[in-house]
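Here is the structure we will look at, set down as structure tokens.
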Amino acid sequence: MKRAFIMVLDSFGIGATEDAERFGDVGADTLGHIAEACAKGEADHGRKGPLNLPNLTRLGLAKAHEGSTGFIPAGMDGNAEVIGAYAWAHEMSSGKDTPSGHWEIAGVPVLFEWGYFSDHENSFPQELLDKLVERANLPGYLGNCHSSGTVILDQLGEEHMKTGKPIFYTSADSVFQIACHEETFGLDKLYELCEIAREELTNGGYNIGRVIARPFIGDKAGNFQRTGNRHDLAVEPPAPTVLQKLVDEKHGQVVSVGKIADIYANCGITKKVKATGLDALFDATIKEMKEAGDNTIVFTNFVDFDSSWGHRRDVAGYAAGLELFDRRLPELMSLLRDDDILILTADHGCDPTWTGTDHTREHIPVLVYGPKVKPGSLGHRETFADIGQTLAKYFGTSDMEYGKAMF
């Protein structure tokens, strides 16, 4: 029986890549800088002391970081027994965004350039805005700028509630984000607006990767909170991913937990399970692992590392999240059967000590564990697509165009 379980710790980079200079990210190191802050006692909010990740360390995380950067992260045990196979992987794709990272993991790197809205003020073309106002019958719009999602709610949330004007904003990523109040504006109405925006961006040739619905609740600045009803409308991958091949060629099953289905525009996904927060995502993953049959992938994205702690530059929160993940990891490992493989990885970096609020161009960890997986180093991987090629070989699908099987 062939089953693979892929866990993406969204944004969990392990050191800047060779091309980081192109992105302004030389020296970025999500894991290394979190560990350093913990070791110095600078991340003692809601947790305390050196970064404590014994289970990830046993799977080779510290060694993978050493391969990427040349050193073991502060406070982590470089001499611990390693029971898994580990690697550090470079991104072939042109960007450092979520779709690029995930698609490349599934064997389809993004070799074209995404479109971006690079102006920090008046970010969107007037023609696009006019079409959205007309088609969605809007009273206007707010924002039209680059912003952090939580900051813009404090700035414009109250005005949005009074006027009914949606908040449009973007970032350094290829995204068009729309924030609206779940109750005063309405969740269905927000989703409909995002569908219209997706159509207009596609028809207009803007080449924007995602439209993201950002619903929130609350009644005044300071207590607005984004909810778990985020929805991403992505373009489809430019070629069949290993997920699609498993479904088409092997009549397999691919279970999305969290936002995976959105990232792949539902391509190659046979079941979607929604969950919000680390514990809920873990619980849903465990349930699906227990029910998984032959030729099945259970694919989970743990988004909180990125959205709650990476972008918000919350070192202590990120550290606490990693420690929670590590504590629960044995629950996943104990469910593995003889031929199963568990892959822990990431899609990009988002160093919470870095300037700004954007992603960072970093190597990702590739930690592979299973009863029949030989422990030890799998070395430096030139593309995340090595994961996809490894899965293609494992399940016996046709080869992916990119990547080399790791074993």
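Including glycine, each Cβ sits where the backbone N, Cα and C put it.
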Of the candidates Asp10, Asp19, the one that Swiss-Prot places in the Mn(2+) 1 site of Asp347, His348
Asp10
Candidates Asp10, Asp306, Asp347: member of the binding-site residues with the richest Cβ shell (10 Å)
Asp347
Out of His311, His348, His359, which of the binding-site residues is least crowded by other Cβ atoms within 10 Å?
His311
For Asp10 (Mn(2+) 1 binding site), the one of Asp306, His311, His359 that lies nearest, given that the binding-site residues are compared by Cα
Asp306
How many whole Å apart are the CA atoms of Asp347 (Mn(2+) 1 binding site) and Asp306 (Mn(2+) 2 binding site)?
10
